[in-house]
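Feature annotations, reproduced from TrEMBL:
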DOMAIN    715-779  domain 'CBS'
REGION    1-33  region 'Disordered'
TRANSMEM  88-114  transmembrane segment
TRANSMEM  134-160  transmembrane segment
TRANSMEM  285-304  transmembrane segment
TRANSMEM  337-357  transmembrane segment
TRANSMEM  377-398  transmembrane segment
TRANSMEM  462-492  transmembrane segment
TRANSMEM  545-562  transmembrane segment
Amino acid sequence: MKGNSSQLASEAIAPPHNMEAGEDERDPESNDSLQHPLLKRSITLSSNPLALVGAKVSHIESLDYEINENDFFKHDWRSRSKVQVLQYIFMKWTLAFLVGLLTGLIATLINLAIENIAGYKLLAVFQFIENERYLTGLAYFAGANLILTGFASVLCVCFAPTAAGPGIPEIKAYLNGIDTPDMFGVSTLIVKIFGSIGAVAAGLDLGKEGPLVHIGSCIASLLGQGGPDNYRVKWRWLRYFNNDRDLRDIITCGASSGVCAAFRAPVGGVLFSLEEVATWWRSALLWRTFFSTAVVVVVLRGFIELCNSGKCGLFGRGGLIMFDVSNVTVTYQAMDIIPVIIIGILGGVLGSIYNYLLHKVLRVYNLINQKGRMPKLLLSLTVSIFTSVCLYCLPFLARCQPCDPSTTEPCPTNGRSGNFKQFNCAKGYYNDLATLLLTTNDDAVRNIFSSNTPKEFQPVSLLIFFAVYCVLGLFTFGIAVPSGLFLPMILMGSAYGRLLGVIMGSYTNIDQGLYAVLGAASLMAGSMRMTVSLCVIFLELTNNLLLLPITMIVLLIAKTVGDSFNPSVYDIILHLKGLPFLDANPEPWMRNLTVGELANAKSPLVTLSGVEKVSRIVDVLKNTTHNGFPVVDEEVVPPVGQATGATELHGLILRAHLVQALKKKWFLKEKRRTEEWEVREKFTWVELAEREGKIEEVAVTMDEMEMYVDLHPLTNTTPYTVVESISLAKALVLFRQVGLRHLLIVPKYEAAGVSPVVGMLTRQDLRAYNILSAFPHLVRSDCREKQN
């Protein structure tokens, strides 16, 4: 990885003029002079999508969530009939239904494939062990896992690199306003589905929960835009969703559906999007996400009923994590709060330690992955072999336990499911560690969550299980396969939770299985820093409201303890991936800086006239990478007051619309404003919604260079503006909550000769690292505040 936080802070203190001229960088979304550099940026920023004038620009840009209220938008809304409005509403709900339906179907197919592939593999391994062919069993187990891991890794490395990992940080960044490229394409979706099957069936310490969230978002994106880019359906009903704003809502429904499909938790899925991934929310979106998750639950329930009849191979009751303790009486007294608090503290401490170590491991993995495809593939295969050896060999360290004759479950068994795996034990004895390790992850969770089994798992076995999954969890996440963090966290947390329940013994009234649930919740809260959504997810998993008070206590304590050490695991991944994510809380020192001071530190703004010369537009587009330009009219007669010439800020025009005007040859021989009917003959509302045009694709003759373009009909006349005296902290909150790409700065005082716009704020301008590079004294004041 390129630098860490301490390096960034130290480099920000260095004066800007120390940088070489070749390292000056430009913000692709800010509007500054064509000749002068922007604020000096730290060259170590892995997130920097900045470039020199004329250089190749990075692909990381912002999304246009703001409504572009130009003449076309206003005319489109005025001309919509009631039938068209009903079409728009109907399509929103139809897409929400389809997102839930397809996510539920794909999640079911993934579960069926994983359970059957892993099931037949384990049955063969147990057959070798039963015949005392231990080395053959190890070779078969490791070989099968190696093939499955290689399949998943080759798909990711060769066809869709963006499918590797959970995908949740990228979705979080997208909903924050960052255009994460190639994250929701068809190839990513296909690789995510089959890669998840291969990776999870290979027994790697990862889950399918994170990938399911990404899969749901991919489905939503493809439905919203009418299919992949090359084969997009041009259905006129879908034209209403050809914008970033509506697509954001649909992808939010997809993320909620993915969580619901992973845990069968519809309310938890909605709250997960609200708490963790969505930056912007409203009540109508709440209804649609809830509708999508309800559809997912209906689909999953239908397939579960079908599979219970034995028509799904080895699927049976497995594949969908569900720890039903509705028949378990949860009783606890005042003294039971002490172990609950201990679990919460342990979860916060261990979660922050896990985040710290994972950060270090991912930095090392990044260096390996940068060397090419083959190192990526070899890393995945190495982790697979190491995992197979651990899972197969470690159960030999556990002692064989005698079966309890009073149990209703068969004991011992080498079958697909069950809590009493015989492994290498004699008849009438079982291996508790093999029960946890030599099974699918979902069955491992179900086994360790088992209730009314106080003597089933020995402390040594639980300790080994916890240690091995801590190690595997650190070294597995980050390899080139689709992977999720939910399940490793659940397994690790449930191990130390149940271990604490064993230690407490008769001193507590809480069942050991419930201790495991609390441990899993605490570690997830300590690492991911979620509370409300996790609480509801675990309540829907357990189906017992009596767990609510102690679950809330555990989650609150774990999150509070974890926050005192480091950020959440998703924030760490966002930083490592270099995505310019805007946090909800501005830095304290941002209140000591105004947007006017920040604008003064930048070069003069590039503006366009309402009726601009073609040569000027071409020059601006070719020599900048900015995506928005203020449109300023001179000598305008104001509607009120004295009839003298004034300067008017007409609005903001986007780069894509300027390119469209040049492509359509919307040129005038004389400098004049056009009539509304003239513009509508040349442009359509659907065409202006496209964002794929480039100035390099436009050919303009020398004669056309001397002509003019009327920018007024294409200009957003209602851009968001702030007064130059507003604090940077307040501007950041507005920028993030509204979901802006450009924020204009207007002067506090109006006078003759004063421009109506003095600057513009973009995402890069509001990032702490970039601000501190121009105002190094703020770093020192921030350090003093922290010391005090």
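If you go along the chain as it appears here, the first residue is 1 and each next one adds 1.
Placement of Cβ uses the backbone N, Cα and C atoms for every residue, glycine included.
In TrEMBL, annotation is done automatically, which means it is predicted and not curated.
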The transmembrane segment (377-398) touching the transmembrane segment (134-160) per 3+ Cβ pairs under 8 Å rule: yes
Contact between the transmembrane segment (377-398) and the transmembrane segment (337-357) (at least 3 Cβ pairs under 8 Å, separation 6+): no
Beyond the flanks of the transmembrane segment (462-492) by 6 or more, those residues with Cβ under 8 Å of it: 149, 152-153, 156-157, 161, 163-167, 191-192, 195-196, 198-199, 204-212, 214, 262, 321, 350, 354, 357-358, 361-362, 365, 369, 376-377, 379-380, 383, 386-387, 390-391, 394, 397-398, 433, 436-437, 441-442, 444-445, 448, 498-499, 502, 520, 523-524, 527-528, 569
Residue numbers, six or more beyond the limits of the transmembrane segment (337-357), whose CB comes under 8 Å of its CB atoms: 470, 473-474, 492-493, 496-497, 500-501, 504, 508, 510, 515, 518-519, 521-528, 550, 553-562, 564-569, 572
